[in-house]
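Here is the structure we will look at, set down as structure tokens.
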């Protein structure tokens with residue numbers, strides 16, 4: 001490319017960098033720096049986060065563990081977790097619905113799992129599914145460190161596509177009063193339809209889906225609005241530590257087959 005052509009594109013490049021500067025910062029923190037630290041330490045980000053938690057958080061205090069994870073994500077390495085603002089929305093909805101049984105798809109480091117478990121009424125049960133075995137091992141430690149036993153919070157390592165059909169037979173889950181989709185948005189529609197197909201959603205069940213605006217789940221949103229089985233509401237929010245990057249949590253109420 002000649003210098004003249006390169007100069008012609010310079011204003012466009014500068015404009016894009018300015019407009020998407022927050023997205024560029026996010027890319028640097030979540031991809032470039034994370035990959036570098038993974039190679040340098042031989043540990044994944046979730047494992048490094050747990051090393052910080054185990055030395056700074058109070059065992060048996062889920063609130064303090066959550067605050068410790070927030071601090072580590074803001075000051076050390078960006079964790080790509082739900083964060084305190086979305087977390088308040090999640091806890092409020094769990095407290096309002098008071099579900100007897102909750103299914104979470106996408107445990108990650110256990111952050112949202114602790115939020116749900118804190119807000120559940122006595123006697124309720126939470127099943128959380130994490131595809132990656134190393135991440136699941138970290139989340140298991142976080143959950144137990146917070147003081148939640150296996151009777152209340154059961155972690156299942158495996159892909160949601162394989163786990164959902166086995167929930168009734170292998171994990172005695174006959175119905176999920178509340179479901180949190182917090183794994184990869186491209187799988188939201190597939191997994192929602194699996195839950196429908198296996199009759200795991202009772203009438204009035206609540207389905208919450210994170211990251212429906214960023215990175216986005218357009219096919220999932222289109223389906224839930226057009227299939228006639230859900231009442232839909234969107235809670236507008238943003239990414240933790242990146243208030244300029246807008247996101248949202250979809251709240252669905254299952255009304256039965258259309």
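Every residue gets a Cβ built from N, Cα and C, even glycine.
Just so it is clear, the model here is predicted, and its values are computed rather than measured.
Binding of S-adenosyl-L-methionine is attributed by Swiss-Prot to 104, 106, 107, 112, 160, and within the candidate set 77, 130, 140 the record adds 130 to that site.
With every protein chain in view, the residue among the binding-site residues 107, 112, 160 whose Cβ has the most Cβ partners within 10 Å turns out to be 107. Annotation for residue 130 (S-adenosyl-L-methionine binding site): same-chain Cβ neighbours under 8 Å, separated by at least 6 residues, are 106, 107, 108, 136, 139, 155, 156, 157. All protein chains included, residue 104 (S-adenosyl-L-methionine binding site) registers 28 other Cβ atoms within 10 Å of its own Cβ.
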